[in-house]
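Novice: The following block contains the structure, expressed as structure tokens.
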Amino acid sequence: MNFVFLWAALGGAIGSSLRYFVGKMMPSKFLMFESFPLGTFSVNIIGCFVIGFMGHLATKKVFGDDFGIFFVTGVLGGFTTFSSYGLDTLKLLQKSQYIEAISYVLGTNLLGLIGVAIGWFLAKNFVGVH
């Protein structure tokens, strides 16, 4: 039996638990901001650093595919998908695909925000949860 899905699921459970823990440990006041999503901000930045580090090691075959699936797809995927976004963008830039990288960054942020707004609107107006 192929355990790839189990490795990803186990890593995802660990990453999600870590995300929850970090989010609970962070204060809501940050610098000059009265209310700032510091937990989410922190996991996104930490995740980007870790996936950059691990992504480089993966290209050098420092660890096997199963560990990569467990840690990168599972743990970091559960911790933050923003780290994958950062790695994908870096890979485009490294290949001098600047238009693609800019389109990816702008498109992800703009369409992501639009998606959140539409989802919010639909839940508020059609599901009856105000």
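First residue shown is number 1, and so on along the chain.
Each Cβ is built from the backbone N, Cα and C atoms, and glycine gets one as well.
Feature list, courtesy of Swiss-Prot:
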| type | residues | note |
| --- | --- | --- |
| BINDING | GLY77, THR80 | Na(+) binding site |
| TRANSMEM | 3-23 | transmembrane segment |
| TRANSMEM | 38-58 | transmembrane segment |
| TRANSMEM | 67-87 | transmembrane segment |
| TRANSMEM | 102-122 | transmembrane segment |
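What's the neighbourhood like for each of these?
Specialist: A 10 Å cutoff on Cβ-Cβ distances gives GLY77 (Na(+) binding site) a total of 20 other Cβ atoms nearby, all chains included.
If one looks beyond the transmembrane segment (102-122) by at least 6 residues along the same chain, the residues whose Cβ comes under 8 Å of a Cβ in the stretch are 85, 88-89, 92.
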